[in-house]
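Visitor: Let me give you the structure first, and then I'll get to my questions.
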Amino acid sequence: MADTTVDKLAKEVGKSADRLVEQFSQAGIKKSANDTVSESEKQQLLDFLKKQHGGDAAPQKMTLQRKSVSTLSVAGSGGQSKDVKVEVRKKRTFVKRDEAAEAELAAAAKAEEEAKAAAAKAEAEAKAKADAEAKQKADAEAKAKAEKAAKAKSEKQEAAPAQTADEKAAKDEADKLQAAKDEVAKAKADAEAAAATEEARRLAEENAKRWADEEKARKEAEKTGDHHVTTSTEARAAEDTADANAEKRGRRPRKPSANAGNNANSNSNAGSGRPGGKGKRGKDNRRDNRNSRNSRNARSVAPESMDQAFNKSAVVVKAEVSIGETVSVSELASKMSVKATEIIKQMMKMGSMVTINQVLDQETAQLVAEEMGHKVILTRENELEHQVLADRNGDVKVEPRAPVVTIMGHVDHGKTSLLDYIRRAKVASGEAGGITQHIGAYHVETGNGMITFLDTPGHAAFTAMRARGAKATDIVILVVAADDGVMPQTIEAIQHAKAGGVPLIVAVNKIDKPEADPERVKSELSQHGVMSEDWGGENMFVHVSAKSGEGIDELLEGILLESEVLELKAVREGMAAGVVVESKLDKGRGPVATVLVQEGTLKQGDIVLCGLEYGKVRAMKDENGKAITEAGPSIPVEILGLSGVPSAGDEATVVRDERKAREVALYRQGKFRDVKLARQQKSKLENMFANMVEGEVQELNLVLKADVQGSLEAIADSLNKLSTDEVKVNIIARGVGGLTETDATLAAASNAIMVGFNVRADAQARKVVDSESVDLRYYSIIYQLIDEVRDAMGGMLAPEFRQEIIGLAEVRDVFKSPKIGAIAGCMVTEGTIKRSAPIRVLRENVVIYEGELESLRRFKDDVSDVRNGMECGIGVKNYNDVRVGDQIEVFETVEIARTL
């Protein structure tokens, strides 16, 4: 390497040439600014400078730094916590002294230690010398004191009188007596201790088996018992009781030890016999004796159980909690006898945050109560109604009762005449005469028993009873004129009887007329499903004449025979129950109801709950207007005292408490409006699908009326052919002529549609249609009627659902959005992309995600749809794994209506 000049070296190191020349001279090298400098000279200068500035020596000082970072979680406002970083810095400096200073410090420390040792030695010598002098002085004083005491004692002995021989003999005698007493007491104590030990051993042997059984039962209970800890008051009380019993068993009665007592007596006697016997020493002796007595008794009595642990009741005391439809947290806590906070904690464990006033549904409250170990009893809104109706007579004797018969038929076929003849012939003389009935029901006595007849003109009460689920009639008598045959109202009566499931007896009336043709009646009735016994059927046919009385007795015998087959029985004693046959509002008496008693005995003064009304029976009258005080089963009676007019068909029940009866009646009145509104929606064609029950065959009930018999048969056959496996057409009533009130009532009771072909409904029928919201339709073309019925049946079919693809977009690029996430830049290749429609994400023609759109934009604007051939940005909700090349498919679900 070429040599450099001093001037050039000065420029390289950043110093002036004069300063560098001066440093060279100090190092013993003489140079000028223009002289060259060799490498050896540079090294010589560097060594000089290091030596001058201490660079060649070892470092005398060292500094160490350390930094640690930790994170603390600090609670902030609003119950949220935040993290705070804490940084700790430490710095330590170590200084190394030179050897001279180290030697000087070591010498100083050594000199200081030698000085301390010399001082300690001198102090020890001085202390030993002082101790020796003090000991000598104390010995001299003690010797002088002893000499003085000996001198005083000798002087005292010389001065005191000598002890006499009698006193010495008395003292010896007392010592001998005391020794004898001690020996006797010790022997007695040993004997009692041995007896106590033997008693304890005997008790242990006797109770060993019982203790073993108790221990085994306790362990079994712990294994099989419910260890779920509850916070109920009953559980805590059970634990406290178990603890108290365990403590009582542990505290066995102690027998006082004779040894201990004698020892105490001897010690007390000894203490009293000498001075200071009642001092501190005497108290200590008594305390020692008590401790020894306790220890001996503890050893002599065997414990009942060696288990020293806490005895918690293994079986949880379960309380019965009654929960209604809804209950608040505070009410539930009160029923469970716990604090509301315990329920809130339990629900927090179950994942629900509630407050003390929050209302829980029945299912949630049941889960909470069962989780806390209680037995739950679910109650309904009408629980009071069930309780009132269930609080009746218990096990009572069931006896046969009279049949209840309803007479039906065409108005011109002699139904009224037949009723009048039976009444005139069978009612005993002397009663309120006349054939005018005060009420719509009466009973007659025959030689074979009693029969109760219901007069139901227009069949209104019968239909209303069946619609309300009340079966008041046991047998139906169908009156048919022998000279007139089957008429439309006769067919209606047959349909009513079949719908109610009531046995039917046919009374062929006017048999005394010359033009009577009973065989024609049998033939016509057989076409409607009523077959005579002579023809192999099940229906009894009786030929009667309401004018001459022919066949009346046979008819009554047939009724009683049918009742025997039915085996009609009822409770005769106890609280009554029945059904309202008819009711009215009398100007002078108020609400009046005719009740047919079905079981029990109705008495004057009973509390009656009758549908929406209630009241106390103030007066009772029979069918003849005669006041009575009680009525048994199958007896019609007129009662007064109800709060309002009940409806025909309402159930009348005797209850115990008038206040509860009023509560039930008010509850029923509040519920009546909802039930009525719900009933109005049943038979609408538009709501047929809502009435469908999955898995069951649907039925479309129809009441069909036509102008001529030919059209009626053609329509009925066509409608029956429409029935399928899923929907069935059920024509519950058909006939020729206009739509009557009976047809409307039957349609309302059966949830049917009234269909009229070239006929119309009368005023009374339209009134029922309006009040019951029955669907009424008129037709003049058969095909139009069939098409609309087919459409109605199609509406009852379960619909089909189909998914149609309405758009397809291809992902060209993916962008990231801080709010939404991955945004797919797409080109619409098919159809239209709609924001509200569900989507599928396809990758290599395989569906990998199905969801919905969160964002659809074109440029920066939110749009509702994007058409084919346009670009857009698509954000998929809850999905960020969209890649380039994916396809986004937009589809919609279309409901396909099924047709027959």
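Easy rule for this one: first residue shown is 1, then count along the chain.
In case you wondered, yes, glycine gets a Cβ from its N, Cα and C as well.
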Visitor: So which range, 434-438, 584-588, 629-633, gets flagged region 'G2' in Swiss-Prot?
Guide: 434-438
Visitor: Under Swiss-Prot, the annotation region 'G4' belongs to which of these stretches: 37-40, 509-512, 613-616?
Guide: 509-512
Visitor: If you look at how Swiss-Prot annotates this chain, which of 51-54, 79-82, 379-382, 455-458 comes out as region 'G3'?
Guide: 455-458
Visitor: Within the region 'G1' (409-416) only, compute the mean pLDDT.
Guide: 74
Visitor: Cβ-Cβ under 8 Å from ILE511 (GTP binding site), same chain, 6 or more residues apart: which ones?
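Guide: When sequence neighbours closer than 6 are ignored, ILE511 (GTP binding site) has ALA482, PRO518, HIS543, VAL544, SER545, GLU550, GLY551 within Cβ distance under 8 Å.
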Visitor: When a 10 Å sphere is centred on the Cβ of ASP412 (GTP binding site), how many other Cβ atoms does it contain?
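Guide: For ASP412 (GTP binding site), the count of other Cβ atoms within 10 Å is 12.
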Visitor: What kind of secondary structure is GLY409 (GTP binding site) part of, going by DSSP in three states?
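Guide: DSSP call for GLY409 (GTP binding site): strand.
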Visitor: Once near-sequence residues are set aside, which residues in the chain of LYS415 (GTP binding site), 6 or more away, have Cβ atoms under 8 Å from its Cβ?
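Guide: In sequence order, the residues whose Cβ lies under 8 Å from that of LYS415 (GTP binding site) (at least 6 apart) are ILE407, MET408, GLY409, VAL479, ASN509.
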Visitor: Using DSSP, would you call ILE511 (GTP binding site) helix, strand or coil?
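Guide: In the DSSP reduction, ILE511 (GTP binding site) maps to coil.
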Visitor: DSSP says what for the compositional bias 'Basic and acidic residues' (119-158): how many helix, strand, coil residues?
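Guide: So the counts come to 40 helix, 0 strand, 0 coil.
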Visitor: Around the C-beta of GLY409 (GTP binding site), how many further C-beta atoms are within 10 angstroms, looking at every protein chain?
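Guide: There are 24 of them.
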